[in-house]
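Undergrad: Sending over a structure as structure tokens; questions will come in a sec.
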Amino acid sequence: MTGFFTILSFSLAALSVTNAAQILSVPKGAEVVPNGYIVVMKDDTSQQDFSSHRVWISSIHHNMTRRGLDGAGVKQTYDFDHLRGYSGIFDEDTIKDISNDPKVAFVEPDAIISQHVVVQQRKAPWGLSRLSNRRGGRNYVFDSSAGSGVWAYVVDSGVDVRHAEFQGRAVWGSNLVDNKNSDGTGHGTHVAGTIAGKTYGIAKKAKVVAVKVLNSEGKGPTSGIIAGINWSIRHARKHGMLQKSVLNMSLGGTYSAGLNHATAQAIKAGMFVSVSAGNDNINSNGNSPASERSVCTIAASTENDGKASFSNWGPAVDLYAPGHNILSARPGGGSQTMSGTSMAAPHAAGVAAYLIAKEGIPGNRACLRLKQLSQPTIRNPGPDTTTRLLYNGSGR
């Protein structure tokens, strides 16, 4: 994980005038989009008021351009069931005007998010057998339903949807970060392979939907992550799949109220959401989306049921899952081994998809079910952190 995500402390300092919406700050040293901001409206803002606000924003776009702020204006609009907002490029004067609108809840800088992978090396896989046996074992034990009828939204760096691991079950969904419909880092393909690959996957019959929010450097703006969540909810709703969907985000950055709020909307809509805890060996309460308490936040375990040395910890962690030396798919064919909480989170997404198909539970109740089935086997988990290890309930 790159340096600008290692900072734990954060401030919610109000920079705006009295009675105006807060303009939240980011930790010192955090990487941000220049002049980029995320604006979140108050919960009771009607669709009509939101439309009027956007018309007003459009009217000042010309003024921003005249002041020399190239590319200014609204870039993305968010319209969740219980969250309305937008992101874009705005100068300081415009942000002050926006924050003074009584319909605005808060404004925050658009920080950069990155994937949670730390190392790549060759070694045999072990995660599948571990999550299907209470005391460990060499075989992966699972029900033949294997995630059939469940969709897995991989909000990541893209997925090689033509990889043989997916047997035609992977499709391209949306690209919200660049114009390259490919996986430039291999991260998203590896994650998807753990969720639903025929060899390396847990839910071997689930459908994969690629939602690209990270570029070829494994980075993307918070605004794009929010847009990816919004797109996934809309897509699942359109196809009647909200309660039969899992959404995995093996990524994170500094605390973002907007990202946490958006992530919670997916659970409220009916989906299961797994996120990686982070790779800085610190309390994950300072990171987003890991600090959002309604999601399933996953820390990384080792082959010997210990906490991986890099894994974040803390009360926000719901479960541990295999995250060290995990073998999965690689873009262009073949496989590769990666380590990180990025590798742990898709194990949880895969088991959630498996249980949704096997037991018929709705997606937004799957995290509770995972915790019910989990085993208290993790040694030295970290301060105020669960000892529960992911288990699919099918082994011995």
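Keep in mind that glycine also has a Cβ here, set from the backbone N, Cα and C atoms.
Annotated signal peptide per Swiss-Prot: 1-20, in sequence order, evidence recorded as sequence analysis. Annotated domain 'Inhibitor I9' per Swiss-Prot: 37-113, in sequence order. Per Swiss-Prot, the feature N-linked glycosylation site maps to Asn63, Asn230, Asn248, Asn392; the stated evidence is sequence analysis. Feature annotation from Swiss-Prot assigns domain 'Peptidase S8' to 125-396; the stated evidence is sequence analysis. Summarising the annotation, Swiss-Prot assigns active site, charge relay system to Asp156, His187, Ser342 and lists sequence analysis as the type of evidence. Marked as region 'Disordered' by Swiss-Prot: 377-396. Taken from Swiss-Prot, the feature compositional bias 'Polar residues' covers 377-389.
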Undergrad: Counting other CB atoms within 10 A of each CB, which of the recorded positions Asn230, Asn248, Ser342 comes out lowest?
TA: Asn230
Undergrad: Report, in whole Å, the straight Cα-to-Cα distance of Asp156 (active site, charge relay system) from Asn248 (N-linked glycosylation site).
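TA: Their Cα atoms are separated by 8 Å.
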Undergrad: Check Asp156 (active site, charge relay system) against DSSP and tell me helix, strand or coil, would you?
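TA: Reduced to three states, the DSSP call for Asp156 (active site, charge relay system) is strand.
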Undergrad: Please give me the CB contact count at 10 A for His187 (active site, charge relay system), counting all chains in the structure.
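TA: The answer is 27 other Cβ atoms.
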Undergrad: Measuring Cα to Cα, how many Å separate Asn392 (N-linked glycosylation site) from Asp156 (active site, charge relay system)?
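TA: That comes out at 24 Å between the alpha carbons.
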Undergrad: Whole-number Å only: compute the distance from the Cα of His187 (active site, charge relay system) to the Cα of Asp156 (active site, charge relay system).
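TA: Rounded to a whole number, the Cα-Cα distance is 7 Å.
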Undergrad: Highest Cβ count within 10 Å among the recorded positions Asp156, Asn392: which residue is it?
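TA: Of the recorded positions Asp156, Asn392, the most buried by Cβ count within 10 Å is Asp156.
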Undergrad: I want to verify one value. Collapsing DSSP to three states, which class is Asn392 (N-linked glycosylation site)?
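TA: The residue in question, Asn392 (N-linked glycosylation site), is coil (DSSP, three-state).
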Undergrad: Please report the Cα separation of Asp156 (active site, charge relay system) and Asn230 (N-linked glycosylation site) in Å, rounded to an integer.
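TA: It is 14 Å, counting Cα to Cα.
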Undergrad: To the nearest whole angstrom, what is the C-alpha distance linking Ser342 (active site, charge relay system) and Asn230 (N-linked glycosylation site)?
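TA: Counting only the Cα atoms, the answer is 21 Å.
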Undergrad: Give me the mean pLDDT over the domain 'Inhibitor I9' (37-113), rounded to a whole number.
TA: 86
